[in-house]
2 protein chains.
Amino acid sequence: METEEFPTKVNLSTRRRFAASFGSHLKETFFPDDPFRQFRDLPACGKAWTALKYFVPALGWASNYTFAKFRYDLLAGITIASLAIPQGISYARLANLPPIIGLYSSFVPPLIYAILGSSNNLAVGTVAAGSLLLASIISVEVSPSGNPQLYSQLFYTAAFFTGILQTALGFLRLGMLVDFLSRSTITGFMGGTAIIIILQQLKGMLGLKHFTTKTDLVSVMHSVFKYRDEWKWESAVLGICFLCFLLVSRHLKTKVPKLFWVSAIAPLLVVVLGGIFAFLVHGDDHGIPTVGSLKKGLNPISISDLKFQSQYLSTAIKAGLLSGFLALAEGIAVGRSLALLKNEQIDGNKEMIAFGMMNIVGSFFSCYLTTGPFSKSAVNFHAGCKTPMSNVVMSVCIMLVLLFLAPLFEHTPLVALSAIIIVAMIGLIEYEEIHHLFKVDKFDFCICMAAFLGVALFNMVAGLASSVGLSILRALLYVARPNTCKLGNITGTAMYRDIEQYPSSSSFPDILILQLGSPIYFANAGYLRERISRWVEDEESIIKKDGEDLLYVILDIGGVTSIDNTGIGMLKEIHRILSRRKIKMVITNPRLEVATKLVSSNFIDLIGENWVFLSVKDAITACRYALQESGEKGEEA
Amino acid sequence: METEEFPTKVNLSTRRRFAASFGSHLKETFFPDDPFRQFRDLPACGKAWTALKYFVPALGWASNYTFAKFRYDLLAGITIASLAIPQGISYARLANLPPIIGLYSSFVPPLIYAILGSSNNLAVGTVAAGSLLLASIISVEVSPSGNPQLYSQLFYTAAFFTGILQTALGFLRLGMLVDFLSRSTITGFMGGTAIIIILQQLKGMLGLKHFTTKTDLVSVMHSVFKYRDEWKWESAVLGICFLCFLLVSRHLKTKVPKLFWVSAIAPLLVVVLGGIFAFLVHGDDHGIPTVGSLKKGLNPISISDLKFQSQYLSTAIKAGLLSGFLALAEGIAVGRSLALLKNEQIDGNKEMIAFGMMNIVGSFFSCYLTTGPFSKSAVNFHAGCKTPMSNVVMSVCIMLVLLFLAPLFEHTPLVALSAIIIVAMIGLIEYEEIHHLFKVDKFDFCICMAAFLGVALFNMVAGLASSVGLSILRALLYVARPNTCKLGNITGTAMYRDIEQYPSSSSFPDILILQLGSPIYFANAGYLRERISRWVEDEESIIKKDGEDLLYVILDIGGVTSIDNTGIGMLKEIHRILSRRKIKMVITNPRLEVATKLVSSNFIDLIGENWVFLSVKDAITACRYALQESGEKGEEA
């Protein structure tokens, strides 16, 4: 008769074999985006062509490239080139490198990316945060003024290791490591970095000659006031003019989005006007320092400059790996958010390989760390780019500048570069996001603040490490203390929900229903044992007052996604504890993976297959039926 | 009308304030066992007495201690003392310490534990694995034969730090750290340790004088054969006799459980008989080395011997912390499993404080690391102990031995001690558990094997670290790749379950139902976005063949225990992706904590409160109703 009452039972016989389940795990871990889907149902030569297109995305877009598209890409390419020149020079100076290296880095890497990259919107270039991070690590080992050649060589070497790391992560499909830099961490890190970079620009704005190499707020401010006698009012006045101009052009963009190109071209305008002005008034002699000598000519080959001697190797590797992770996180996040706006897909692992290859090749041609910076990519997007061809156009523009125009930029006043950096950095402080975090999730806010304050008050590595550490601690806590709740029946339905959330739901005197969630495994098995025992004791102490006994504990494990050996041991222990108190343990709705393990570890035999149900409702019906039966027997006796 | 159709809606108004939710999190994290429950509803002086009893459990059992109980404790105490003497001497020799320190360590710590410990079954003493671990770390720094005094002093210092660590963990209620030593890790570690300890006994069994200080299998076997000319046949013959005797007595216990005391007393018998034999035949001159000089007298005070100089400090701290964690894990696991058999409760954090205090005080009185070893505690349990008084009895017995009988043990043949250790270690290799692991969970088996092989082939720290590392990696993978599945309707019911698990369940052409689980947060948000997109694309490619369109995606998030900022951002992204494909996103059954965050981050406003349902069934009904409406409108037009 019982089969009629419960027509649907938990399916305990469907089990995946180990090989199948292991294969599926591997696939979910490393190929969540299923890149091989497109190869199905193709003939052999089609497969080869698809594979080639898979590894060289340029073949995909180049085969149906049209002049109409090129018009858009040309415009976008010229626009981003106008941004690349001042940014390249600025960020190279931020890294204490010769300014020309910033231009070199905008020539070779974009070409590589255009061939291998899968995003149509990304514009390749150097980044402020990465430049400062590299400088802060490498200048500890080698002084940029004492041994400038070795200093640059270590930057190339770091870029080489960045490339190796990124390519390796891409091939090993370990893109998920980047996920451990959470959005909160990146928000805080970017905000803190922007603050210290802005403060560092006080050097340029005030025309200082001496300055600290440390990046923290206290050292920088101390340094600014220590060299008070070096302050140049001419520099400051010119800087404030540039700043106002750039801020107005930025404001214009937000008011009239169509005029985005004004703000895109503004930095180059500032550089050109500033250069003419400084040239006319002989700026260097009147308190307006300029960039100074820029050689004509393309990137020199630097493959023999890579330093693999053990003395500097660890510094180069450390700088390369840290900045590589950071650059990857920024590049992939930027590519993803822009692709989303156009409803396109980008492949994170393929992007990593493209980033890695452009850094490796770049390191052979006097380039340092490059990625897809947010500011430049956004300009590229708004300028209407269609394919990575815009990077090629930018690259050609930079090549022309290197070949013919570079010496013209010698007269660029440093203060103009400082103004450009300050305006770019202001956009990276996301006040609203931080406020939103505070409102929604206090722990996320702490993670964000750890990065923000760590970077601003100590150094960039400390800020990043403490924030990631907090994130991982949280990840472990999440699984070490999973939520459990007591369920009650929502009156008039067959549904059982959290009684704290639905206070009007009703419970049964001799049945306790608990809902578990999350995976059950060694890190939370001990906690769950304690917690379930406490639920049972609390329930008993309540109902004992009414003279009732607790007879059934129903564990709803529908939310338990997986279980390990320690977890099963814990369930067995709970069963033993409950049995001793004469309480029957009932299980409802185990998922496929959990059910498989419960069967193979004999746990199901222990509690009896009849006490595993598909839903809480079925379990309750069975419990009440059993109670009634035993009650009748009791009365008969 | 809609309110009538769906009388029960998701409760989005019940929200816990931040303080309440934070408080509850703190409580669940640090006080999962709710130790203050017993203080409720008590008058002030009652509270004070309960608090005192809470911190000094001895007051609890001493106040109603009877002679009847003492009779049991006396018997149990004498039994474990008979085991403590040979084990103390053996394990001290395993640690390359003077044998007398093993006896010292069985005198002071049990007294402290009897006052502060909360387990009625635990017998305190030294442990083999801990002794070997300490020796393997400390002998790298100081040679046990070169500078025996400093060597012992570092053991006391390590015990001091062990105590500080354990007490601090207890007070900070960080007992959960011990949970990260999973059962698989401990099984593998114990097995590996047992193997190498047994191999090390070849030194005693063969009567070798020279031996390696390394612990790995290759070094030990190499060492055994290198000193082939030192092999003594007399020693080997005597050893095999002892071994057979001990194994038979052990076998007797499993056959006739009532005769457990035979196997409990057997080691002492071996020591006494072996001593008499060696004394009579002048063993030392005939290839049977003996323990040698044992001084009469109680523990010398060693408080001034603790070495806090920076030169040795790091070694002592490292040895103390590692062995402390290991000892804690063993002691708590043993206490818990024995308590379970008697249906008693023990408090993990209180146990830690007791272990910590006994190690601190022990380090002042020439004792090294002690905990609750499995073998001794099991004997205590079977001998019928009722309270920690049995530890006091053992302590008094050892005191008498130290005062009067110690010199008698000088003649104990080393080969007897080796036989005792071998037999104790054989019991620690849990073949069946390892086989069970292989059957149930291959990853757990790998974790176990990492510890087993790491310990056997490299060293104990490497084995432990690689196994714990794998466990944590697994913990992170568990949450980085949570299970998702497609749900179908189980025919004839209102239930929706995994279609892979219930292949007969049916799905709707234009509605895709997905079940998420685990917490959603930064480490898995990226994966879930990819995975959900893939589910949607797969579904579309299937139903497009039938000329249908996918119109609704229902996400069942009843199994999602919590969500962070990145996770909410991911849901918003999914919503944007689906909107662009003209697919409506529907949410069912958010839990309290998740619902609170979805509301405060405006996600609910984004998808519309009308599209949040309490169950999948309600959501399906609403979708079909909306489809019908739009269909009618379409027909009208």
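Residue numbering: from 1, along the chain as shown.
In case you wondered, yes, glycine gets a Cβ from its N, Cα and C as well.
According to TrEMBL, the domain 'STAS' annotation covers A:501-623.
According to TrEMBL, the feature transmembrane segment maps to A:97-116 (among others).
TrEMBL lists A:122-142 (among others) with the feature transmembrane segment. Within its own chain, the transmembrane segment (A:122-142) has Cβ neighbours under 8 Å at 80, 84, 87-88, 90-92, 94-96, 102, 105-106, 109-110, 113, 150-151, 154-155, 158, 189-190, 193, 196-197, 200, 213-215, 312, 315-316, 318-319, 322-323, 326-327, 330-331, 334-335, 338, 358, 368-373, 376-377, 379-380, 385, 388, 390-391, 394, 421, 424-425, 459-461, counting only residues six or more beyond its boundaries.
Listed by sequence, the residues of this chain that lie at least six past the ends of the transmembrane segment (A:154-174) yet keep a Cβ under 8 A from its Cβ atoms are 30-31, 95, 97, 101, 134, 138, 141-142, 302, 305-308, 312, 315-317, 319-321, 323-325, 327-328, 349-353, 355-363, 366-370. Look at TrEMBL and you will find A:154-174 (among others) tagged as transmembrane segment.
If you look at the transmembrane segment (A:180-199), the same-chain residues 6 or more away from its ends with a CB under 8 A from one of its CBs are 94, 128-129, 132, 215-217, 220-221, 224, 325-326, 329-330, 333, 421-422, 425-426, 428-430, 433-434, 437, 444-445, 447-456, 460, 463-464, 467-468, 471-472. Per TrEMBL, transmembrane segment is recorded for A:180-199 (among others).
Sequence-remote contacts of a segment are chain residues at least 6 beyond its ends whose Cβ falls under 8 Å from one of its Cβ atoms, and for the transmembrane segment (A:231-248) they are 204-208, 263, 266-267, 270, 274, 277, 286-289, 413-416, 418-420, 422-423. Summarising the annotation, TrEMBL assigns transmembrane segment to A:231-248 (among others).
Annotation comment: TrEMBL describes A:260-281 (among others) as transmembrane segment.
According to TrEMBL, the feature transmembrane segment maps to A:319-340 (among others).
According to TrEMBL, the transmembrane segment annotation covers A:352-371 (among others). Residues of the same chain lying 6 or more positions beyond the ends of the transmembrane segment (A:352-371) and with a Cβ under 8 Å from any Cβ of it are 92, 95, 97, 101, 104-110, 112-113, 116-118, 124-127, 130-131, 134, 152, 155-160, 162-171, 175, 299-303, 305-306, 323-324, 327-328, 330-332.
The transmembrane segment annotation in TrEMBL covers A:392-409 (among others).
Taken from TrEMBL, the feature transmembrane segment applies to A:415-431 (among others).
Taken from TrEMBL, the feature transmembrane segment applies to A:443-465 (among others).
The transmembrane segment (A:392-409) makes contact with the transmembrane segment (A:97-116): 3 or more of their CB pairs lie within 8 A, with pairs spaced 6 or more apart in sequence. Nonlocal intrachain contacts for the transmembrane segment (A:260-281), taken as residues 6+ away from its ends with a CB within less than 8 angstroms of a stretch CB, comprise 79-80, 82-83, 85-87, 89, 238, 242, 245-246, 249-250, 252-253, 288, 290, 379, 382-383, 408-409, 411-413, 415-417, 419-420. Long-range Cβ contacts of the transmembrane segment (A:97-116) within its own chain (Cβ-Cβ under 8 Å, at least 6 residues beyond either end) map to 55-58, 81, 84-85, 87-91, 122-126, 144, 148, 151-152, 155, 291, 294-295, 298-299, 350, 353-355, 357-359, 361-362, 365-370, 388-389, 391-392, 394-395, 398-399, 401-402, 406, 409.
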